[in-house]
Amino acid sequence: MKNKLDLSLYLVASQGNKSEECFLNTLENAIKGGVSIIQLREKELNAREFYKLGLKVQKLCKAYKIPFLINDRVDIALALDADGVHLGQEDLEVKLARKLLGDEKIIGLSLKKLEQLEFIQGANYLGCGAIKATPTKESSLLSLELLSQICDKSPIGVVAIGGVDKAVLDELKGINLSGVAVVRAIMDAKDAFLAAKELKRKIYENLPLK
C-alpha cells in the first residue's frame, strides 16, 4: 500500500462533539467527496474507547479502499491492524514503530525543522505545519518558505497541515507537496461531501502532488 499512497486530501478526524452516527456519516461523505486517506486522532478517549471507534472508522475506510491510520498510538494501530500510524516528534521513534508494525505499514512523521530530515529513515511521508494558527496548534507556525525548503529536500512525500482550507491552498501554489491534511475544513463543514470535493479541486489546481 505504501508504494501507491495517495496523500492528496488527507483527513485528520476526531469525533469531538458529534454523535457517533453523525461522525461516521461525515467521514463517509468526505470520502465520497475525495478524501484519500484518514487519520483517526482521539486525544480524549481511553484506549478501549479509541479501539472501539477505530473499528468502525476502519470498516468504513476498507469499504472505500482508502488507508486508515492512527494518530500517535502504535498500540491501537497494532490492535486494529490499521494501515499505519502517524507519529509526532515526541512519540515513539520511527525505527521502533517500524520494528513493531512491520515493513508493509504506513508511518507518517510530523516535522517542522530542516535538520529533522536527518532522522526520517523508515517513514513513508512527512506532515509539516502548522501553516496557520488552529485551536490545537496555536503557536510555532511554519513559514511557507521553510515548508518549501523541506519539500524540496525531502526524499519522501510531504503533506501540509494546520489551518489548511481553500484560501490557504492558493498560498501553497507551486510548493512541492504531495497533499494537504485538513481537520476543520471538512469536519466543521455543513456538507462534508461538497467541502471535500471543492478542496480536491483546489488541490489539483495548485499542487504538483509529487
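Positions of Cβ are set from backbone N, Cα and C atoms, glycine also.
In the three-state DSSP reading, R41 (4-amino-2-methyl-5-(diphosphooxymethyl)pyrimidine binding site) counts as coil. Taking Cβ-Cβ distances under 8 Å and a sequence separation of 6 or more, the neighbours of R41 (4-amino-2-methyl-5-(diphosphooxymethyl)pyrimidine binding site) in its chain are V12, A13, S14, N71, D72. What Swiss-Prot lists as 4-amino-2-methyl-5-(diphosphooxymethyl)pyrimidine binding site is Q39, L40, R41, E42, K43, N71, S110, K137, and the listing cites sequence analysis.
According to Swiss-Prot, the feature Mg(2+) binding site maps to D72, D91, an assignment based on sequence analysis. For D91 (Mg(2+) binding site), the same-chain residues that are 6 or more apart in sequence and have a Cβ closer than 8 Å to its Cβ are D72, V74, A97. Under DSSP, D91 (Mg(2+) binding site) is assigned to coil, being neither helix nor strand in the three-state scheme.
D72 (Mg(2+) binding site) falls outside any helix or strand according to DSSP and counts as coil.
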